[in-house]
């Protein structure tokens, strides 16, 4: 027969607190007759004991031993509690033979009188066999019990209890009810702190001007087991510990110098505040070892000391009712109990209590044989539902309760089913006669439907119940589940009896950064939607760490959230990122700064003190300053009879505070050095009075001292104190500018590993529960280990396993796990690739560049602490193949490792890594050129018609009727004379073999002349919008021939919308007389007009063109580009240095943007195909923005042709498909062109 449930053993206590249990059930150890998972060995230690370790051994001289087992502990022999390692692993490793001893030290000692060992697996070639030893020491305690009514203790904290600024209260409690006040501490002015149990959670509350909940910890604390609580107050902070979990909170400021005068336990009492006590539930349960600053308060109460007042029924022992629970763990778990006939009251009553995490599940089912039906009691969306079915029809449906499975406040719920006779049949049409109800069959709790009625098997329509039940009653008679366990009553399968094995997977919450946690029986879920973080536990930030990172993702200036420490505790913050400079600039948007304030004398005021508040939190500001390459903040003082620093030798009359916290006193001003007691003019030696080091200190005129504060240790400015403003006539205006930080020290921090044996080492990586690793790499090697950190058994490693695969591998004690990402393209292409790996208690993930994330789930009941002890190696120092290449911006849990600094002192590794344009060059748009830098790159937009950090911002201008811009070229003979000294770009631009022209325009007038070009030989080209709102090109290439006209088929070009024109031409034939030959005087530009022009050289213009020219052009031109020259950009951005002349009003605007504010500026794209243009000219006119470029390109083409060619050759059209883009190797440096004998290009 099975031994147990209890086993009496002799007890031997050695000097090492060693217990040895003798088993007489067979020779050499315990071995039950039947070997299955329903056997157990239970040991009664006789008293509560502190158990620290267990040891197991197989049965002597046999092949019987345990391979794994569970440990249970109890104070009463009932209501067992399973011991778990790391809160997740329930099983213990056993033996591999009958002779060796396996010793296991408990991570947390267990306090219990009873031990129960349950076999899980044993030698398949033998039976269950065990010799057991436990290690521990006697446990003593003082206990007090409260009945939940008027019983309570009141302690007056006299001087004998040594009140200090540090208060510590520790206790253990066992609750018999899920709500009640454990403890309340009161002090002066009615201030109080209280510990309250609410729905099984422990709350820390304050009562001051308004009651406030500071923190909530724990869950399922009403399970009738002991729980440890510690409250420690130090100044304005308080630590609350429940069992193994601690949370630090900040208490209200009024508690900073608060001292406790009385403590109430059990029933809440107040004789200090003289206020009526708020009606609260008093605590029902037991307290143990209550200590206040080391003083045993329960012992004081037992000895009836005078500072203790006892009220009500207080006992100094802990008696608890015996309650046997059962745990349903899965679909095969069910409990079968006998039914009953109808009672004398004419019905039947079934009752039980349950608790669960799941919102769905079948609780109870039974047959109604006389009615030929079946009854189901189940949970649906956290509400109780009762259904009675017959022949597939619902006769009765009832719903009751609300949120019976609340993941935030898990409670024990009482469900009672009373079936009284008569019951009325319910169907959709009408009521039918009533019928009697009897329950003669079995009652099935949990599991699947275990019965059938008629010839039909009941379909199980309900989810499986997973949770705990207890206090079963049938007709108000309690059912003894111990008899069920001993096979004397009913039946069961896969149940845990006399234990509630429910686990709160959300306490403490595995969700980081405030993500709400929810759970089912088996898994938890983190809702990261509003947290700013992502992943299974909301660990990794969704934001970049700096403006620099946003810039290299292709973003332009704007407001962004940055998270300076990634997955660390610092919250994301909103900043403005200016991407237009060589380095990105971060500006903190704050409220009280960046404005000027006028100060005048005020009666009774000798000093003005101004404090500045920033929108970012303290830790956010300091982290940004530390991370940035350079920070600055403007500080200026405009004064009139108001001295500043009282230089050269006097005590400063004004000063400021800057740096961390409240800041340190600073006695220098903007533009000077820390500690100098000078202003910028003193450092530069140009103060208005050289005897002083500040302009304002001369005290004789209205002047100013201003400059930038750049010493990072003194930033940001916290407050100003201005002293010399009380004299009659004194005036002062101060200004503190916004904090601006430039660059990112971490983003470009890189190291180059030139050998496979090269490595860097850092301190051990600590990522026990969650770890994220991110970095960028580039290499030409096909494999290598990026980094690894080893432990005794655990490890973590990221490697390039092949030219297309990255592997993230680790072991936390459950065996090695791997996450792999395969790329469709080679990774050893000497381009930067980004790796992001994360491991948490739920899963591991790996992301490579923008490829889909690969994940690997963690075992549900396994180890989850990553325990490493070696150094962290970048590269590898083991036998693995090392990495050859560059690693950049390496971050572990949001902390950047300084690779460059470590590389400076490590052989085989070089700091920094050049060659960024291969990866980031594509960010430079519109013919912008990527230029390498030591740390990063920048886009050179000199050859582009655009500007901006990535040459993506269009350059647009609004033209009035009298506006023109001229761009100057050289005379042909000047070019010929100085050809040896000319740059090839100028030579190329004046001897065209092709054109690449583009521009955009927006206009409402018609007709209008857009462009006019003339040569030295009275040839010309004109581009206009005719009276039919069509594009028209007129050219005369020979003075002896008539003007030729080309017209587009696109209408309505003068409609206020944006139109774009682009022209590309490559000469398809060149003859000896072609105008493309170099230095031909007949192919030189004379003058080119866009928009309005009045010139004596236009006397030969026909009357129609003269009339249009006098009207000018009113509208917008944008992105004008002619080969390598951008005349509009030169005119707007460098009007004083470039070879341009501006006439009339010219205003830069965003009119060339498709999104600009124009009610009719919807962006439409048209193509001017149409006419086959002559003389080997390939023109592709795409109408969206600028018609003017078309004219410009055509003009250039015609003006560079030899006149003889036009006279003698047939005009031929070239199709658009035949025109291919081609590189222009020669680039014009427009700023170096001489102004001597100029020819002009007008817009």
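Here the Cβ of each residue, glycine as well, is placed from N, Cα and C on the backbone.
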Segment assigned the feature transmembrane segment in TrEMBL (from 1180-1200, 1201-1221, 1222-1242):
1180-1200
Under 8 Å Cβ to Cβ from residue 886 (disulfide bond), same chain, six or more residues apart: give me those in sequence order, or none if nothing qualifies.
750, 751, 752, 753, 777, 778, 779, 913
So, by DSSP, how many helix, strand and coil residues make up the domain 'EGF-like' (914-952)?
7 helix, 11 strand, 21 coil
Cβ neighbour count within 10 Å of residue 913 (disulfide bond):
25
For the domain 'EGF-like' (502-539), what are the same-chain contacts with Cβ under 8 Å, counting residues 6+ beyond its ends?
87, 201, 217-220, 245, 327, 355-358, 407, 410, 466-468, 561, 563, 567, 571-572, 769-770, 772, 838, 840-843, 845, 860
Write out how many residues of the domain 'EGF-like' (502-539) are helix, how many strand and how many coil, based on DSSP.
0 helix, 8 strand, 30 coil
Which value does the mean pLDDT take for the domain 'F5/8 type C' (1-137) in this predicted structure?
81
